[in-house]
Amino acid sequence: MVVGVLALQGSFNEHIAALKRLGVKGVEVRKPEQLQNVSSLIIPGGESTTMAKLAELHNLFPALREFVQLGKPVWGTCAGLIFLANKATGQKTGGQELIGGLDCTVHRNFFGSQIQSFETELPIPQIVAKEGGPPSFRAVFIRAPAILDVGPDVEVLADIPLSAVENINSNNAIQKEEESSESEKKVIVAVKQGNLLATAFHPELTADTRWHSYFLKMVPEIGEGTSAIISTPTTDQSFIERSIIDFPIYQ
């Protein structure tokens, strides 16, 4: 199994390091022809407008769309989520080109600016059912997007109560969402639809590799016929108690 990681900008090195911890080879992808050599693809977090401009410069969008349409597994984290969405709001003037395929609407920078980034314990029952481990995941949100609505074929894997997010109550996007629905105080931050996985947060910036393991198992799940032995750390190694100040973990 060879996993491609789009390496135009952002946290692609961190994803490759996480894959390495699972015994899987991750390779950097910068050109359309390099997609022919990988079984699946991760689109990392970063500055989505910059990534879109670089993808356009290298004529990557047609090849990326074809990769998605062929049913190969693709995981977008943070900016990668924006890329995979069929529709994005809150964009800069002129917007940006999207790959599409994921039936959802994403709000870019929903949680605010860089200084409003945060971490929180995120319940992940579907992931725990497949990967085991603690009932929650320490999710890192950096100038993060959020999913405003999803289509009928999209499975919601995680959402977050807006009341749990500290120090960002003044953000206009959150205020608008709260005003539109007094009874609903949660926003979606992780979804799966067929061969597509998307998270608004950054699993690659933690020591917990369950999201990466979950993604790798999507290859045989959708009938690609790929088999691999994934060497996962023992429970004692993966889920040791750690303080909040261990972020970031990449070395």
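Each Cβ is built from the backbone N, Cα and C atoms, and glycine gets one as well.
Automatic prediction, not curation, is the source of TrEMBL annotations.
TrEMBL has this to say about the protein:
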| type | residues | note |
| --- | --- | --- |
| ACT_SITE | C78 | active site, nucleophile |
| ACT_SITE | H202 | active site, charge relay system |
| ACT_SITE | E204 | active site, charge relay system |
| BINDING | G46, E47, S48, R108, I142, R143 | L-glutamine binding site |
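Of all the recorded positions listed here (E47, E204), it is E47 whose C-beta has the fewest other C-beta atoms within 10 angstroms.
Nearest to G46 (L-glutamine binding site) in space, judged by Cα atoms and limited to the active-site residues C78, H202, E204, is C78. Of all the recorded positions given, namely C78, I142, the one with the smallest number of surrounding CB atoms inside 10 A is I142.
Candidates C78, H202, E204 (active-site residues) were compared with E47 (L-glutamine binding site); those inside 10 Å Cα-Cα are C78. For R108 (L-glutamine binding site), the nearest of the active-site residues C78, H202, E204 in terms of C-alpha separation is C78. Every protein chain shown contributes to the tally, and the Cβ of R108 (L-glutamine binding site) ends up with 22 other Cβ atoms within 10 Å.
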